[in-house]
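Annotated transmembrane segment per TrEMBL: 29-50, 336-359, in sequence order. Annotation source TrEMBL lists ATP binding site at Lys68, Met69, Lys70, Thr182, Asn292, Phe293, Arg294, Lys311. What TrEMBL records for Cys116-Cys161, Cys130-Cys155, Cys213-Cys223, Cys257-Cys266 is disulfide bond. Annotation comment: TrEMBL describes Asn180 as N-linked glycosylation site.
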Amino acid sequence: MNSYIANALSDFFFKYETPRQVLVRNRRVGVVCRLIQLGVLAYIIGWVFIYEKGYQSTDTAVSSVFTKMKGVAYTKVDGEEWVWDTVDYVFPEQGDSSFVVMTNYIITKGQKMGKCPELYPSRVFSSCLCLAAPLLRPPQGHMTGKCVGNTTKTCEVVAWCPVEDDRKIPDPALLMSAENYTLFIKNSVTFPAYGVKRSNLVEGIDNQYIKSCVYDPTTSPLCPIFRLGDLVQLSGFNFATIAKMGGAIGIVIDWTCNLDYDQSECKPIYTFHGLYGNPNETDMARASVGYNFRYAKHYMEDKQEKRTLLKVFGIRFDIIVRSVARKFDIIPTLTAIGSGVGIFGVATVVCDLILLYLLPKREFYNNMKFKVTETVEQVSSPSPAACHQANNN
C-alpha cells in the first residue's frame, strides 16, 4: 500500500504530460493561422494596452467646486437708473457649482395684497362663469367670481396688485453688459486610491497671474477666470439671443491623469456645451422657451407690506467635474496578458475546424490528430463444474 502511494505521488510531482501535436504543411491553413494570430496580437497591443491602458488601475476623484462672479451692470428704464452688482444678478449667491446670471428682467413695483382685475381679458361675461375661468387658463390670483371692467371684461382676483404684465420682454436684453462679467472657478480634486490631491490652480498660477489672465483655449488654457461672453461663444450660442430669453450652458472640467508621470502633468481641460437656448431653434411655438423664474423683494411702506416682483431671464451655468486617474498596477497587467494569451487559442480552433471539416483530406487529418482505441472484451474461462459436465456428456 505504501509503495502504491509513493508511486502515485512520484508520478504526480515528477512527470509532465503534454498534448499530442501534429505538424500540418498546408499553406492556406498556415496563412489563416498567422493572420488570426496577428489580429489577436494587434488587438492586445493596440486596444488593450495602448488605447484602454490595460496595464493600469483606475480611480475617480472626490471633487469640490467654488465660484465667484465679478462685474457691475447699469440700466436706465423709464428714466430710472439702477446699478446691479453680484448680489443682485447671481442666484444663488453662495458660489455653488450651479447658478444663474440674470441678463434680462420684467419688474413690477409697489405690489400689495388686495383685490384687482386680472391682466388678461376674460371670455366670460357673467360673475358666475368667472369661477370657471381657471379651466381656460391659470389665474393670476384667487378668483372672487366677479367680472369687472366696462368695455373689456376681466375676472377679479385676490392677489398682489397690480398683477404682473409679462407680455412684452425687453429686447435687447437690459443687462447686455453681463457679457463682460467674469467668472472665477476654483476646483479641487482628490484621488483617494493614490493619495493624490490636485487643484485647477496648478503650478505657475499665482496671484499675480490670476490678476491679469482671462481664459483662452489657445493662449491661456489653464486660466481659471472666464469672461461670460467668451463662455457663451465657446458653447456655440449668440449672447444677444440667449440673454433675451435665457438658457443653460454646461462647463465640464476634465481631469484625465496618467499618474505614471509626475503629478504636475495632471492638469484640467475645460470644455463648454450649450444645453438649451440655441439661436438656431427658430420654432418659437416651443413650450417653455429660454429660462426664467420669479423672485420678490418685500418691504414695509406706511405700515403695509409691499413687494417688488422681478421676472428674471438668465443664463444657467452647470459646472460638471469629470475625472479618471490611471497608474501602473501588476494585477490588471497580468490579467490583460492572460486574457490575450487565451484569445490566441481562437487561431487553433479555427484551423482545426478547417482541417477536420473543410479540406479534401479531412479524413487523413482526422486520423493523424486523434488516436482511437477500441475496448476488447475478455472471454471468461469456464468453471471446473461446467468442464466436468461437458466431459460426462
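Including glycine, each Cβ sits where the backbone N, Cα and C put it.
If you compare every pair of Cα atoms in Lys68, Met69, Lys70, Thr182, Asn292, Phe293, Arg294, Lys311, the residues listed for ATP, the longest distance is 24 angstrom. Listed by sequence, the residues of this chain that lie at least six past the ends of the transmembrane segment (336-359) yet keep a Cβ under 8 A from its Cβ atoms are 24, 26, 28-29, 32-33, 36-37, 40, 43-44, 48-49, 54-55, 365-366, 369. Tertiary proximity for the transmembrane segment (29-50) is limited to same-chain residues at least six positions away from its ends with a CB under 8 Å from its CB atoms, namely 336-337, 339-340, 343-344, 346-348, 350-351, 354-355, 359. Taking Cα separation as the measure, Asn180 (N-linked glycosylation site) is nearest to Lys70 of the binding-site residues Lys68, Lys70, Asn292, Phe293, Lys311. Closest by Cα distance to Cys257 (disulfide bond), from the recorded positions Lys68, Cys130, Cys155, Phe293, is Lys68. Other Cβ atoms within 10 Å of the Cβ of Met69 (ATP binding site) number 20 in total over all chains. Candidate disulfide-bonded residues: Cys116, Cys130, Cys155, Cys213. Nearest to Lys311 (ATP binding site) by Cα distance: Cys116. Of the candidate disulfide-bonded residues, Cys155, Cys213, Cys223, the one lying closest to Arg294 (ATP binding site) when CA atoms are compared is Cys155. Separating the Cα atoms of Cys213 (disulfide bond) and Thr182 (ATP binding site) is a whole-number distance of 11 Å. Nearest to Thr182 (ATP binding site) in space, judged by Cα atoms and limited to the disulfide-bonded residues Cys116, Cys130, Cys155, Cys223, Cys266, is Cys223. Here the candidates are the disulfide-bonded residues Cys116, Cys130, Cys155, Cys161, Cys223, and by Cα distance the one nearest Phe293 (ATP binding site) turns out to be Cys161. A 10 Å radius around the C-alpha of Lys68 (ATP binding site) takes in none of the disulfide-bonded residues listed as Cys116, Cys130, Cys155, Cys161, Cys223, Cys266. Of all the disulfide-bonded residues in the record (Cys116, Cys130, Cys155, Cys161, Cys223), the one with the smallest CA separation from Met69 (ATP binding site) is Cys223. Cβ contacts within 10 Å of Asn292 (ATP binding site), excluding its own Cβ and spanning all protein chains shown: 19. Across the structure, Cys223 (disulfide bond) and Cys266 (disulfide bond) place their CA atoms 15 angstrom apart.
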